[in-house]
């Protein structure tokens, strides 16, 4: 009889530990409070705060393109420490929950890629002015490839 009650008590203890929030992933107010937070815009970033954070080291905006792993995007790390989720806006693009970040560029939390679905008629004019001919497209592809292979800049204290 005593063994059964101890087993039941241990089972209840393990169950409570398994369903508990941990310090790193528990929102303020408990697990169910995450749905109570209203969505908000992601933090501003980049030159003149004209961009929005798309990930911990990605800052993109209309007319400025995207900064990945650069000092302009360094402030985006703070987004990880805020208790409520944010939305960057823009159309859904890419295969992994990406959003249109700038004309012709789709970004998610991990990185950015060229995506033609992010190009509208008025945005196509912006691209043709800033990047001319297929040579410009090749240059943009090389830059995106370089950015994805270079480690982010680190600030050492």
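Cβ coordinates are placed from backbone N, Cα and C, and glycine is handled just like the others.
Pulled from Swiss-Prot, these are the features on record:
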type: SIGNAL; residues: 1-20; note: signal peptide
type: DISULFID; residues: 21-26; note: disulfide bond
type: MOD_RES; residues: 29; note: glycine amide
type: DISULFID; residues: 42-86; note: disulfide bond
type: DISULFID; residues: 45-59; note: disulfide bond
type: DISULFID; residues: 53-76; note: disulfide bond
type: DISULFID; residues: 60-66; note: disulfide bond
type: DISULFID; residues: 93-106; note: disulfide bond
type: DISULFID; residues: 100-118; note: disulfide bond
type: DISULFID; residues: 107-112; note: disulfide bond
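Burial estimate for the disulfide-bonded residues (86, 100): highest at 100, by number of other CB atoms within 10 Å. Put simply, residue 45 (disulfide bond) is 7 Å from residue 76 (disulfide bond) when counted between their Cα atoms. Residues within less than 8 Å, Cβ to Cβ, of residue 66 (disulfide bond) and separated from it by at least 6 positions along the same chain comprise 51, 54, 58, 59, 60, 101, 102, 105, 107, 112. Note on proximity: of the disulfide-bonded residues 86, 93, 100, 106, 118, the one nearest residue 53 (disulfide bond) is 86, by Cα distance. The number of other CB atoms found within 10 A of the CB of residue 112 (disulfide bond), across every protein chain shown, is 24. Separation of the C-alpha atoms of residue 86 (disulfide bond) and residue 45 (disulfide bond): 14 Å, rounded to the nearest whole number.
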